[in-house]
Amino acid sequence: MKYILLILACIIACVYGERYCAMQDSGLQCINGTNSRCQTCFERGDLIWHLANWNFSWSVILIVFITVLQYGRPQFSWLVYGIKMLIMWLLWPIVLALTIFNAYSEYQVSRYVMFGFSVAGAVVTFALWMMYFVRSVQLYRRTKSWWSFNPETNAILCVNALGRSYVLPLDGTPTGVTLTLLSGNLYAEGFKMAGGLTIEHLPKYVMIATPSRTIVYTLVGKQLKATTATGWAYYVKSKAGDYSTEARTDNLSEHEKLLHMV
C-alpha cells in the first residue's frame, strides 16, 4: 500500500515544480530533473510527502485511537475507558487553542477570509464547550453525581435504597426500567449498582435525571424469591418535573420524599 501511494504521488506531483525523490540507496533529496534511480517523487510540502514519511506513525496512532473508541467502555476496561474520557475532555480546549492560534496567524499575513473562518470556528467551539458545562452542571444539580460531567452521559438512573442514592449513567431515557436482584446484588442495564440488598430494600419508585427534568418511574410488577434474595422489579414512567434525586432520611412520607423540589 505504501508503494502504491508513492507511485500515485509521483504521477501527480512530477508534472511540474521542484521535486523530492525517494532514492533506492539514499534518503529524500531535492532534485530538478528526472533520475532513473528515483522510485517516486512528489512535490515539496504536499500531503503525500507527509504521509510517505509518517504513515507508520499515523497508523499506530489511528490503531490506538480506534481501540480506545471501540473498547473504551466500563465493561471492557476501566483503564481504556479513562483514557477515552481524558481524550474527550482535552479535545475541546485543544481545538479552541488551535482555532485561536490559526486566527492570529491568518491575521498576521492579512488573509482576512481565513481569519473570519478561524474566528467563527473558535466561537462555535467555545459555545459548544460552554453548553457541555451548562448541561453537566444542571445534571449534577439534580443528582450530585460526578457522572454528570461524563461527556457520554445524557441521563442518570438514580435508585434510593438503604438511605443512599445509587447512580448509573445512561445514554437516554427508556420507557421502562428493570432492576434485577441476584443473591442480594442489585443490577440495572447489566451493571452492578449495589450489594447487600434484600427484597424489602427495593424502592417503590426510581428516577432518571436529565439536564432539563427528572422522570419518575413507579413500580408496576415484580417477581422475587425471598430465600435467595433473587428476582426482578419493573418500573414505568409516571411523572416528570423539577425533582431532586437525593435520598432523604428524615421523617417524610413516600409522597413527600417524591415531590421535594430542588
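Yeah, the Cβs are placed from backbone N, Cα and C, and that goes for glycine too.
Note that this is a predicted model, so its numbers are computed, not measured.
Features as listed in Swiss-Prot:
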| type | residues | note |
| --- | --- | --- |
| TOPO_DOM | 19-47 | topological domain 'Virion surface' |
| CARBOHYD | Asn32 | N-linked glycosylation site |
| TRANSMEM | 48-68 | transmembrane segment |
| TOPO_DOM | 69-77 | topological domain 'Intravirion' |
| TRANSMEM | 78-98 | transmembrane segment |
| TOPO_DOM | 99-112 | topological domain 'Virion surface' |
| TRANSMEM | 113-133 | transmembrane segment |
| TOPO_DOM | 134-262 | topological domain 'Intravirion' |
| REGION | 237-252 | region 'Interaction with N protein' |
Secondary structure tally of the topological domain 'Intravirion' (134-262) (DSSP, helix then strand then coil): 23 helix, 60 strand, 46 coil
Surrounding residues of the transmembrane segment (113-133) on its own chain - C-beta under 8 Å, 6+ positions past either end: 92-93, 95-96, 99-100, 102-103, 106-107, 151
Secondary structure tally of the topological domain 'Intravirion' (69-77) (DSSP, helix then strand then coil): 3 helix, 0 strand, 6 coil
For the topological domain 'Intravirion' (69-77), sequence-distant contacts whose Cβ falls under 8 Å of one of its Cβ atoms, 6 or more beyond its ends: 83-85, 190-191
Same-chain residue ranges lying at least 6 outside the topological domain 'Virion surface' (99-112) that approach it to Cβ under 8 Å: 118-119, 121-122, 125
